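Lifted from TrEMBL, the feature list:
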DOMAIN    A:26-147  domain 'Alpha glucuronidase N-terminal'
DOMAIN    A:151-481  domain 'Glycosyl hydrolase family 67 catalytic'
ACT_SITE  A:GLU314  active site, proton donor
ACT_SITE  A:ASP393  active site, proton acceptor
ACT_SITE  A:GLU421  active site, proton acceptor
DOMAIN    A:482-704  domain 'Glycosyl hydrolase family 67 C-terminal'
Number of protein chains: 2
Amino acid sequence: MNNNTKIKNETTSLGGVPAVGDAYRAWLRYAPLLPDQAKEYAPWCGKIVVASSGTAPLLAPAVEELAAGLGSMLGREPRRGQAADGEGCLVVGTLDSAELQGVADDAEAKALGDEGYVLRTVDEPGRRFIAIAGRTDRGALYGAFHFLRLLQTGRPIADLRIAEKPSGKIRMIDHWDNMDGSIERGYAGESVFFREGRFLEDPEDRKRLRDYARLMAAVGLNAVAINNVNVHEIETKLITPELLPSVAKAADVFREYGIRLYLSINFASPIEIGGLSTADPLDPEVKRWWAERAADAYRHVPDFGGFLVKADSEFRPGPFTYGRDHADGANMLAEALEPYGGIAIWRCFVYDCLQDWRDRTTDRARAAYDHFRPLDGKFRDNVILQIKNGPMDFQVREPVSPLIGGMRHTNQLLELQITQEYTGQQRHLCYLVPQWKEILDFDTHALGEGSTAAKAATGELFGRPLGGFAAVANIGSDLNWTGHLLAQANYYGYGRLTWSPELTSEQITDEWARISFGHDPVVIGTIKRMLLESWSIYESYTSPLGIGWMVNPGHHYGPNVDGYEYSKWGTYHFADSKGIGVDRTVATGTGFAGQYHDVPAARYELPESCPDELLLFFHHVPYRHRLKSGKTVIQHIYDSHFEGTEKAEELVKAWRSLEGKIDEERYESVLDRLQLQAAHAAEWRDVINTYFYRKTGIPDEHDRKIY
Amino acid sequence: MNNNTKIKNETTSLGGVPAVGDAYRAWLRYAPLLPDQAKEYAPWCGKIVVASSGTAPLLAPAVEELAAGLGSMLGREPRRGQAADGEGCLVVGTLDSAELQGVADDAEAKALGDEGYVLRTVDEPGRRFIAIAGRTDRGALYGAFHFLRLLQTGRPIADLRIAEKPSGKIRMIDHWDNMDGSIERGYAGESVFFREGRFLEDPEDRKRLRDYARLMAAVGLNAVAINNVNVHEIETKLITPELLPSVAKAADVFREYGIRLYLSINFASPIEIGGLSTADPLDPEVKRWWAERAADAYRHVPDFGGFLVKADSEFRPGPFTYGRDHADGANMLAEALEPYGGIAIWRCFVYDCLQDWRDRTTDRARAAYDHFRPLDGKFRDNVILQIKNGPMDFQVREPVSPLIGGMRHTNQLLELQITQEYTGQQRHLCYLVPQWKEILDFDTHALGEGSTAAKAATGELFGRPLGGFAAVANIGSDLNWTGHLLAQANYYGYGRLTWSPELTSEQITDEWARISFGHDPVVIGTIKRMLLESWSIYESYTSPLGIGWMVNPGHHYGPNVDGYEYSKWGTYHFADSKGIGVDRTVATGTGFAGQYHDVPAARYELPESCPDELLLFFHHVPYRHRLKSGKTVIQHIYDSHFEGTEKAEELVKAWRSLEGKIDEERYESVLDRLQLQAAHAAEWRDVINTYFYRKTGIPDEHDRKIY
């Protein structure tokens, strides 16, 4: 199948003004509530009082959002009032304000940190209001979005006793946007930041960017890198006075919603634009040059977040050229940023990308750990290592990277991929929250049981000063932001998880479905089932048992079993007529399994204890090897591909059952993609099954059609 | 390996003035002769007399070429004289001139046709000259190039009795050049015609174009299509008054050397640029529109050749859209061109390019014959069908298309590919003359034994009014024209074969080697051996036994056994654990073998009589099937890949043995490519052998390294 298969209607890119429809409004849709619900909420929502003791710029967007949201949901916009009284209202502000005295005690308030909030129903004689309050205005902003979400999801508000704060300090989105307007691995139109080498700065573009910032803040995100980590020629100049005024204008938009802007930088900048002869991180001239760039950046953007760096990776320049290591490189940048409170985010996606497929001793899966583990403790406190969730590259199924929880003295960001590079490219429904939950809940055993990847990432586990999450965005200029409308749930879910990694998939899915589609139990039940099963469905008809890849090289769409088998990328399955899989054991293989802490290391080392879904990632086994499921590997391949394709067809049926219960525009656009998915799933099924049948000569036990 | 591997030096594109070196001069190098040789030739070459009875514009370039060539080879440019005398000179002209009376008798002269010539040494008292004479000035021009070739190759001239004429009327080169300067399947720089949407019209560009026309005429070529058969937006306008003035200027250059210019056209032009609502070939408006375009073309280019058309092929528009057939389409264009003597060349490369790989009943190899054979006799006399040499697409090895010799009442052009799309892309040495000789000598048995493909193509076999050869050029803006210097031999050889298909590979190779590298027997012997073995070497390490493909999709470089196996292109090998090959027999397969006349049909039908090198093209056989060579198929695969790679290494050694005997520039540039070839050959060997070893589990009998 062609990667350029046309998809209808909703993917049309915005020329200028976004058409304001449900698809565009996404989780800030604020659909009118049913009369019963409205009746319950209205008594509290007639008036908004702002309460702060000093400057609190983020209260303005909080109030604006509440006014718009409540107006839309309740049919009447609340008044702005000067003070709470006995009639019921919302008081939005900071806990140190007079109006909110006593709403939280000191201990409670302190526990909220800089971003937390309380939602409290105060119902005392003469004092009748709902407090939406943080220690900071930023906390109040997040509280406002939480309060709106309660109404969107139909929760009671008469007795609120909510206190929340985010799990990690940095909750980031990475855009792989290029200034020509293209997006690397983007499947939803063009960049919302750039076009033809320039920033998009028309009022309509600003409006869209502001709406995007609202969507981010609504799910608690607080950091954004606006340009691709592969920094090309023009983008190298983003850190210069030539482009910083435009960067500053974009930062203004995000600042309004409490989001700090980061730039991806080119490690070779001192040479490419600085006129220096070296980019050696220990060279005094180079250090001075970067210090000047940091100063420039903060002159234009006072709350600039810092630099994001992909170095010595996939042909990007880096410190290796000068015989230096990653710590030298990262620390040099961190030092430049330190005076301003900025941070250097250094990606760990480093491996040998000129590998010889004949060489089975080199293992790309080992690379990040091998490179960075020895440097633990050598990074400055304002360096964060950004670690991809798996040791390979955002495959449908990978084990969690052993580097997560592998470094005690180094700040970490766990990097996920919202954009569906290897998971169907937003043509296939693949809801990733269940995958992310498995990753976050993975027990690294770094400090014994309960040492989850989430805790390692946030810094909680080792008491690190910084930590959190980053993910590659799946949005673009498409009217519905994400191409596949249901892919909005991935962005939403990512944001929610960065705030509260303990939320269940079920909870997040329920929230998103209700916010997006209302409260009809049939609709919500159906959509939730579709979402929650979709990753498993996609996995079942693509590459089996954790082996990964088997996609067309380059664009990564569609089945191609040998697509990466004879390549330089270190991505092999080693399937021959007898068996398949990569031996990554300590005993007989590459030793990758030994990079984990004791418990997972032991589990992965033996085929008997290795989970079925990761078997071929860790072991080379005969096709007749029996899985824990009782099936042989080859029969599992056949079965999962036949069943996965059937389930992809059932997704179409399930969606069709909702016809008339969803607005036609969203209904048709999703149907279109689900049908495409079912057709492509059949292609996957036939190619994979045929490949293995032709290679093994072992027939399907159920004698189904294989070509 | 990467398709973009850098190759050094000589591939630098010309900005402006061509550097005049041996590589650029190619077969018009005119190297100074050794004193002995010069002494033999000089007595005849001191003076040139021009002889014609009327206007004879092509005598001017003939004399200019002789003067330059002789001047360079003999060290002294000949004088121009008014008349022959007893002292020895060259008389160049037409047979009807006074000076050349009696040089050929009437029957001889008539037999020469419009393009033939005689080279005669006249050594009588008072009449001592060498006649270079045609019935036409065009004949004399070709005669002049022949005469120069005699000196370049060291032949005696004291007693010349040569009479020659070309085998086919049309001896054509197709350029797949786009107006943006790119060349589809070009491996030697950019277009010499276009850049950035415009014609190259600077004096330096004209100089290069004129040199190119000289190179063409020197090997007897008389037709050129300057733009890609895939006609994009700008190129569609080549037939309009907007671009025809530039077309005319290019035609002026070629006209000087007797070459007619053709344009590839877009069948949908009446819609795309004509403002009509249809391109239906039977629509009177459409007919009128094309008649006007033809009139325009001839107004600007009085000797315009005609239109070349790729229609209803690989997503190009065509008559099928309107329920018409190829005859309707071609005849409509031919009718428009007929008043001016133009011709419509209609390509037969038509097949289902949205095939389902699961469907084994559809056979792309059948397509051209199935489409066009039923139309035999329906085409106008000024239509020529251009038929690719094989039924698939310019593979390293294919049978000859059964359409060649399959149509008695239709003009044919045999289409070859000089540019090395599937034969190493001018990084690998692959001298194609031996392949073309096999094609030309193939006995179709259309009218019994001796009905060669060459005779079918020229029209001789069925007494057709038109016929000949077309080939896709391998030249571009690289200083040496062809990227790989030795690839010049392919262009040269193509031209020579179109004139004289009966020439042997050995003859052509000897000529080219001497012209290009002089007469040192070690140098000539080595280069000839390298050239003559190179196709066989390339075949041996690429896809085996005529099955073809097994290349990376899109760019077609480098090994990828399953690259096209699950594609829509109809290009499959069907390798499973037990066997490989496509059953194209009448008895059990697609029936393609039955498209041939009786003798070849019977030969291909049975594995026992099918030649080894085409076995897998016609038959699906087990890996242990024994070839006529005595080897099993699988052992043949292993052996040929090991041996082919060794031979690629031996090419490097052979070339190295010539160090110091060839100018350094040409020596280094060829060495560079041969080394690249040896490395890539090893990649081919390992990927192909590993693929089949993994699939079959059958070990190499000689226990060599397979991965």
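Keep in mind that glycine also has a Cβ here, set from the backbone N, Cα and C atoms.
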Counting Cβ atoms within 10 Å of each Cβ, the densest environment among the active-site residues A:GLU314, A:ASP393, A:GLU421 belongs to A:GLU421
The predicted model's mean pLDDT over the domain 'Alpha glucuronidase N-terminal' (A:26-147) is 95
As a whole number of Å, the Cα atom of A:ASP393 (active site, proton acceptor) is distant from the Cα atom of A:GLU421 (active site, proton acceptor) by 10
Whole-Å Cα distance, A:GLU421 (active site, proton acceptor) to A:GLU314 (active site, proton donor), is 17
For the residue listed as 'active site, proton donor', the three-state DSSP class is coil
Residue counts for the domain 'Alpha glucuronidase N-terminal' (A:26-147) under DSSP, helix then strand then coil, are 50 helix, 30 strand, 42 coil
